Every structure is written in C-alpha cells, then in structure tokens.
Amino acid sequence: MSQHVFVAASDVLELGDSDFDYTVAEYETVLVEFFAPWCGHCQQLAPEYETAATKLKGTVPLAKVDCTVNSETCGRFGVNGYPTLKIFRNGEDFAAYDGPRSADGIVSYMKKQAGPSSVPLHNERDLDAFVNNFEASVVGFFSGADSSQMAEFLKVSSAMRDSHRFAHTADLSLGLKHGVESDTVVLFRPPRLNSKFEDSLVKSDEAVSTASLRQFIRDNVFGLCPHLTAENRENMRGRDLLVAYYNVDYLRNIKGTNYWRNRVMKVATQFQSQGLSYAVANRAEFQEELEEEFGLGLSDGGELPLITIRNREGHKYSMQEEFTRDGKSLERFLEDYFAGKLKRQVKSEAAPENNDGPVKVVVADNFEEIVNNPSKDVLVEFYAPWCGHCKTLEPKYTELGEQLSADTHIVIAKMDATANDVPTTYDVQGFPTIFFVPAGQKDQPRKYEGGREVNDFLNYLKEEATHPLVLGTAREDL
C-alpha cells in the first residue's frame, strides 16, 4: 500500500540566481527574505513569513532566497547576515525592511508599501471608507492637482509610508463637513479610539511643508492614549510612558476596552502638560515583559488594569495600589510620580557579600557605587551566563584583573546583563559587550571595540586610562 506525503503549498516565492532578476521585475513591490537554513532567527521567522505571504496574496508577493546555494544574488545585494529582508520596487533594491517580524506586523507594514504612497480620494464615500480604519489616517485636502502644497504632501507620504496611512483629494468640498475651507492636512484618529476626552480629528494650522507635516504627524498621531501593540511599540520608545495593561480587545470587546481606557484618559487630562505619555495595551501580549521587567505575574491585579511607567532614562515604576473605578488611585500614583516620591523598580541580583576578587561583580543595586565612582576608571563587561564567547573571555578577563589588582585607580568589573537592569546609556545588544568608563566622565561610557587578549586590553588601557597603569607591584609608566 503506497503512502502519500502531502506538503502544504507555500505562498512564498522561492527565487535563486537563475530567476531572481526577471521574477522580481514582474512586480511593482516585493518583499524578499535572504536566509540560510541553519539560521535560528530565520527558522523563527519562517512560519510568520508564510502566514503573512498567504494574507498578502494578490496584494504584495513575499519571496525568499537561500543564500547557501544562491551566493551570487546574495553577494550582489550585500547580504552578510541572516535573515536580511529587502523591499524591491520594479526589480530595483528599494529599501531595507525594518518593520515587525510577526505575521500581522509584516502584513500591516507591507500593505502600506503596496500601490501609491497616498491614496487619491474622489468622493465622500472614498473618504469615509479610508478613515474607517484600525490605524490613524492622514488626509490632505487641496484646491487643485497643481497645488504646490499637494506636491509637498506627496513627498512626505512617500518618505513616511512605512509608518502611516496617507490619502489626498484635489476637491476641497470633501472636507467641508470636517471644517476644511482651504488647503490643509487633517489627521483622523481610528474610530475605535474615539473618546469625549479628545477630538476625533486634528487639523494642521500651518502651510504644508515637509518639516511642518512631519512635526504635525509626530505630535498628533498617537493622541492622548493610544493602543500600544508589538507592532507600534518602537515608535513610542524614547518618551516617558505610562501603560495600563488589561484585557484590551478592539476586535471583540470595543465597549469593555474603552471603559477602562476612558478612566485612564480622564485622569491623564489632569496631568497633560507634564510631559508624560499614556497608552493602553493587551496584558496577554506583554505578559512576558511584565514578569521580566516589573515582576508582575498572571495573578497580579486580576481583571483590573496594571499600571507601569518607564521613562526615557529607563527608570521603571509600577502602581502598587489597586486600580479604582473612580480613578483616584491612579491620580495619587501620578501625583507621587511627579513629586518624585515613587521608589524606582530595579531588577537586580543581590550584591555579593565578598567582592574582593580581581574582577568586581556589579549588579544593578551597586552599579552607582562601583561603575560610577567618580575617582575610578572602570572597564565593565556585560555578559550572559549562557554566552559561549563570554565563557571563552572569562579566564583572560580574570587574568587582566589580577595583573591590575595593585592599581588603585582602575577597576575591572563584570555584570550579568540578563539578571540586572542595564542603564540606558549603555547600548548592550549582544554579549559580551565591554565599556570603558573614565573617571570624571561617567555620563560618557566608551564602547571597547578592540581584541580580547590580555595584552589587547592592557594596550588599550595604557592609552585611555586617566593615570599610568600599575601592573602587579611594579609601576608601568608607558
């Protein structure tokens, strides 16, 4: 009896050296993943990419190239890491894809890449359909197709299509019901986020220019209290942000979701001028981060919103009092936050009782004392316990500490970056990452990019150290 193995058909185009150029040229827009089968990140991406390809079928094709057997094509486009994703337009390498890696994120991002960067609107029905969307909509209303302001608008829409939705019309009468009387740009908030606490649309009061339109969008696109998701979170970094986490569900329970959001917004309006941003987020989507960063487990808070603040310096706070329906507990929390009365939440291992070894152990709680000691030069390694390169470095780094143990001006230190909060001035993306922090310049850590042999470190420190190095018991005046 014969057995048949059925393999699900893929909606991802498989391209190679022989057919890449002519296949990609057939489409206005294509997203291409350059990958290697052995690459772990590629394997993680694969099911999301497949799902996105199916959802985008007929809109934007997704393709992939195996670089282990198509080195000519991958080399031509400068691929040197996996996965590398690129957007091609009419066969030309247009831009690197730097959007989300989830299926829904890829779909949302690539839909913005399909077709014109700004959708032409011809009647009120077009306008109503365009702004009735899950995301904010930026619409330009102009007095004619030859308007110089329309040309500026289209220039901005082309540059910002990755992040925002744009449409335009050359018929000013389409904007009459929204109070439009002359050339202007209007930002329409997503209908699901309509609230009595803010207007559902915002009109720009400046002439359209690239600079003014970019600023207008940046200032208004999120509104008072947006819906934070895995897809838009990067756009919200770099600000002081309060997030209310609960069962946010704008597909099945809009009314219930806005019940709690309105209570957050009511309190937020009282503190609007103080520089804090606000958002709501689905707790299940961010549960891992809540546990990792704030120590908040599934049982904390029950059905009530959990409130956290993370500011641009990376300082974290969480509301200990239960969220009350009248908003008074949130009001008290914010009053204490702005008064500087809240205790920062810091993820830290316990500081070692004995820290007299050649390499000082740094944790978040003693970082200030050891690394930011204004009189000491500090070389600090950020490592992960599972990192193979870190394990290879360890004996050499210990030897370096031993050789410099008699030098009272310099400290060799290390920190487990997976178990402790790393200050935001230190850009730690991989392991090990090493910084030199000079005495008197603690706000200017310098990333160490040199070799990892003991002599490499010593030669670097001879050049950079504030005082001449002392090796062992002998003074080194090189």
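Any Cβ shown, glycine's included, is placed from N, Cα and C.
Bond annotation: of C39, C67, only C39 is listed by TrEMBL as forming a disulfide with C42.
Cα to Cα, C42 (disulfide bond) and C387 (disulfide bond) are separated by 20 Å. Residue counts for the domain 'Thioredoxin' (340-466) by DSSP state, with H, G and I taken as helix and E and B as strand, are 34 helix, 25 strand, 68 coil.
All chains included, 15 other C-beta atoms sit within 10 angstroms of the C-beta of C387 (disulfide bond). In the domain 'Thioredoxin' (1-115), helix, strand and coil residues by DSSP number 38 helix, 26 strand, 51 coil. Here the domain 'Thioredoxin' (1-115) returns a mean pLDDT of 89 for the predicted model.
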